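Participant: Structure in structure tokens, see below.
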């Protein structure tokens, strides 16, 4: 790398960080986009980590190398103007990342992005330094974009990535990274709501730092209360946690998984009573029975009638039980149909909606009106100067000659 070659030329004198850093003016900095500023920050942190690993430090002569908490530099300007309130020999404009970030990235804006977080070091990638946001993005490069999955893989993943808490730092055993918990919170994802599997994963509540924080690993969303987190998990699709070892198909419910296994085992517990054929699933048996019943698979054991829907069969079975499905709330009588029930209820209410257009009589049932119009009222018929009067019995009661 060009930076390494530059640092190796330090035999004649001390190499300063300004030799490898790029300086922007205020006008140039304002023209940069947010993505360009983040890229510039990452490159600066990488150069800073490289100088730290090679032992190249800038500062007062014969002074010991700084600790992790401070870095000593000299400014690039001709006049070595110290930061206000700080010694000219030791500049600490930013306590989190060292003074060079305060000089280049403008101390006020840079400190506002820290939120009291520290740099994280990844040993697997050459001791590179990252802040909290970039470190978790870099961490996902080792373990994939979704480090916590809401299925059986999640339980195996949590067991494989053993997280040990010791003081401030935590060790990620899979990639050998040493880092600090994000915002003082060690997130250990629990299993999804409604998930069932043979191997259970204990749900470890996350540590709290100044307040409750609950996170969902799939969407990386954070919630203030555990109740809101549970509601969010119910909206997500359930993971398929039952996997068939024969064909690799996965199922979210154990019932579906058990029915599928009969395909491989050859079990057929459902038999047809007509032709003695057997089926592995009940739905297949019902579909087969339609060939025997003419599209009506639900049959009554009492009288042998078949129905297309199960609800019709239940209603029919109440007839054999001596009780109709429709019961009157006034007298307790039961009827086989809703029409008969409504006609019966008019007896209690006194309603007579059917009226005769000739004699203005009213009836509670339409068949009573039809009977009245046909036989109940007198009707005169002229036939050879005779009029016949028919009664309700249809017989000639009286014959009059005029």
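The count begins at 1 with the first shown residue.
The backbone N, Cα and C atoms fix where each Cβ goes, and this holds for glycine too.
According to Swiss-Prot, the protein has these features:
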CROSSLNK  177  SUMO2 cross-link
CROSSLNK  200  SUMO2 cross-link
CROSSLNK  253  SUMO2 cross-link
CROSSLNK  366  SUMO2 cross-link
DOMAIN    15-91  domain 'KRAB'
ZN_FING   92-114  zinc finger
ZN_FING   120-142  zinc finger
ZN_FING   242-264  zinc finger
ZN_FING   270-292  zinc finger
ZN_FING   298-320  zinc finger
ZN_FING   326-348  zinc finger
ZN_FING   354-383  zinc finger
Participant: At a C-beta cut-off of under 8 Å, are there same-chain residues at least 6 beyond the zinc finger (298-320) that contact it? List them, or none.
Facilitator: 334, 336
Participant: Report, as numbers and ranges, which residues of the same chain sit near the zinc finger (270-292): CB under 8 Å and 6 or more residues beyond its ends.
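Facilitator: Contacts with the zinc finger (270-292): 259, 262-263.
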Participant: By DSSP, what is the split of the zinc finger (298-320) into helix, strand and coil residues?
Facilitator: 11 helix, 4 strand, 8 coil
Participant: Among all the protein chains here, how many other CB atoms are within 10 A of the CB of residue 253 (SUMO2 cross-link)?
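Facilitator: Taking every protein chain into account, the count is 14.
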Participant: Six or more residues out from either end of the zinc finger (326-348), which same-chain residues have a Cβ under 8 Å from its Cβ atoms?
Facilitator: 318-319, 364-365
Participant: As a test of the contact definition, list every same-chain residue at least 6 positions from residue 366 (SUMO2 cross-link) whose Cβ is closer than 8 Å to its Cβ.
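Facilitator: The list for residue 366 (SUMO2 cross-link) reads 354, given in order along the sequence.
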Participant: By DSSP, how many residues in the zinc finger (326-348) are helix, how many strand, and how many coil?
Facilitator: 11 helix, 4 strand, 8 coil
Participant: Please work out the helix, strand and coil residue numbers for the zinc finger (242-264) from the DSSP assignment.
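Facilitator: Breakdown, helix to coil: 11 helix, 4 strand, 8 coil.
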